[in-house]
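Novice: My structure is below; once you've seen it, I'll send some questions.
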Amino acid sequence: YITCLFRGARCRVYSGRSCCFGYYCRRDFPGSIFGTCSRRNF
């Protein structure tokens, strides 16, 4: 089963384990592959 990550969860930008719908992996800093799940701004 696929679990998604909620806001504030640690994530990797290029990983299959992604943030929940409506969220995205915001990089810690430009060029980083690590980040934190944050709400998308539509």
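Heads up, the Cβ atoms here are built off N, Cα and C, so glycines get one too.
When I checked Swiss-Prot for this same protein, it listed these features:
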- C4-C20: disulfide bond (DISULFID)
- C11-C25: disulfide bond (DISULFID)
- C19-C37: disulfide bond (DISULFID)
Novice: Looking at Cβ-Cβ distances, which residues of the chain lie under 8 angstroms from C20 (disulfide bond) while being 6 or more apart from it?
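Specialist: Listed in sequence order: C4, L5, F6, C37.
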Novice: Using a 10 Å cut-off, grab the number of neighbouring Cβ atoms around the Cβ of C19 (disulfide bond), all chains included.
Specialist: 21
Novice: Roughly how many angstrom lie between the C-alpha atoms of C25 (disulfide bond) and C19 (disulfide bond)?
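Specialist: Cα to Cα, C25 (disulfide bond) and C19 (disulfide bond) are separated by 6 Å.
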Novice: Cα distance, C19 (disulfide bond) to C11 (disulfide bond), nearest Å?
Specialist: 7
Novice: When you measure from the Cβ of C4 (disulfide bond), how many other Cβ atoms are you left with inside 10 Å?
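Specialist: I count 14 other Cβ atoms within 10 Å of it.
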